[in-house]
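S.K.: Under the heading disulfide bond, Swiss-Prot lists 142-220. Taken from Swiss-Prot, the feature region 'Disordered' applies to 409-469. Feature annotation from Swiss-Prot assigns topological domain 'Extracellular' to 1-71, 128-143, 209-237, 317-328; the stated evidence is sequence analysis. Positions annotated as transmembrane segment by Swiss-Prot: 72-92, 107-127, 144-164, 188-208, 238-258, 296-316, 329-349.
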């Protein structure tokens, strides 16, 4: 009886001695820590034997035109430069602007830091290796490169989850946010995010999976190709706890946010217009717009990582033999491009960020088309913030004196946004009747200018991306 045929080469590639990776490149990669991984990789190649077998890797470098390396290298270079400059701008602007320097926005700064480091550590190495059409930095360099990509990618995903949770609590459970917005607690959240990312990125150094070359052998990642229980267990848990579970949390948060806003709008329909209700509606609009900005960033991040995740899941399912070098390298570049979305989205849709750029980076503000009349966010923030605090001292009279003093002191210390402070009062009102709409937000919001169109009708909740008033 004939024995079953062995695995075949990926489509479009020839199999034979050229299926082996460069002996020079991998001669330093024979450490004992990779014995199990290398042994499994050998089983995929029926022609590998002897010294060549120890150097074999899952993706060949033959039959790949030079221009493929150069194109990928050029793209990753542009992505890296854009990511570094854009995220540096976000970090600088958020740190310089008083109106943006809030504990909640520390999550955005953390996202910008992780995206900047992703561009800084990944793009130059990928670009240099693409120019030479091979990996240049040895086994240690490969492990460090892949480790940085893993920890920074996980940090970004968990930070986006924390941003979604923050928006969820502010809009749907405002009373729960009293005292939770301090700088110390935010710092603990950020520390937890980085420790969580490290916990999932370190196991390959201790024998649970491994960091190996991938695609065109000009970049590295965790080993998702080897079909062993150990490697597959790591891949499965990694996807569950750093991708699918955070994604489910984000979906839950935004469904809850949308339902809360819709129910608030319905509760306020049919009642006579009042200045308090207009202020409530404007603040609800502003908070919803900020939530939409975060949602856009999250969606772009997930879409960027979706192709790469699909490739890894195909290999996890046991179909790694259908993967070609292009099917691994191109999704890897798309995933690394997730680092450029954050600054672009904020430059287009975040009104306070645009105004802060015009103030602190006037040349960039001109490019964004921001009017010079909006170049003083700090001054308006101080005025509005003082008004909010003074008004809350009377409007929050339903809270006992010690707790009220604690709440106001906490807000003054950590710099709550107007909407977050307003939400505390709004959530404490009855859930039905005219009082739920007419008395929800009698704190110190600057009175909105009246207009003939506004006197007899409650403004509808704007779901567009126009600037908040």
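Every residue, even glycine, has its Cβ placed from backbone N, Cα and C.
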S.K.: Taking 10 A as the limit, how many CB atoms besides its own sit near the CB of residue 220 (disulfide bond)?
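M.R.: There are 28 of them.
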S.K.: Counting only pairs 6 or more apart in sequence, are there at least 3 Cβ pairs under 8 Å between the transmembrane segment (238-258) and the transmembrane segment (144-164)?
M.R.: yes
S.K.: Per DSSP, what is the residue count of the topological domain 'Extracellular' (128-143) in each of helix, strand and coil?
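M.R.: Grouping H, G, I as helix and E, B as strand yields 11 helix, 0 strand, 5 coil.
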S.K.: Who are the chain neighbours of the transmembrane segment (329-349) in space, where the CB to CB distance is under 8 Å and they lie at least 6 residues beyond its ends?
M.R.: 72, 75-76, 79-80, 82-83, 86-87, 89-90, 108, 111-112, 115-116, 118-119, 122-123, 126, 149, 153, 156, 214-216, 218-219, 221, 289, 292-293, 296-297, 300-301, 304-305, 307-308, 310-311, 357, 368, 465
S.K.: Along the topological domain 'Extracellular' (317-328), what average pLDDT does this model show?
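M.R.: Within the topological domain 'Extracellular' (317-328), the model's average pLDDT equals 88.
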S.K.: Would you count the other C-beta atoms found within 10 angstroms of the C-beta of residue 142 (disulfide bond) for me?
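M.R.: Around residue 142 (disulfide bond), other Cβ atoms within 10 Å: 25.
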S.K.: Per DSSP, to which secondary structure element type does residue 220 (disulfide bond) belong, with helix, strand and coil as the options?
M.R.: strand
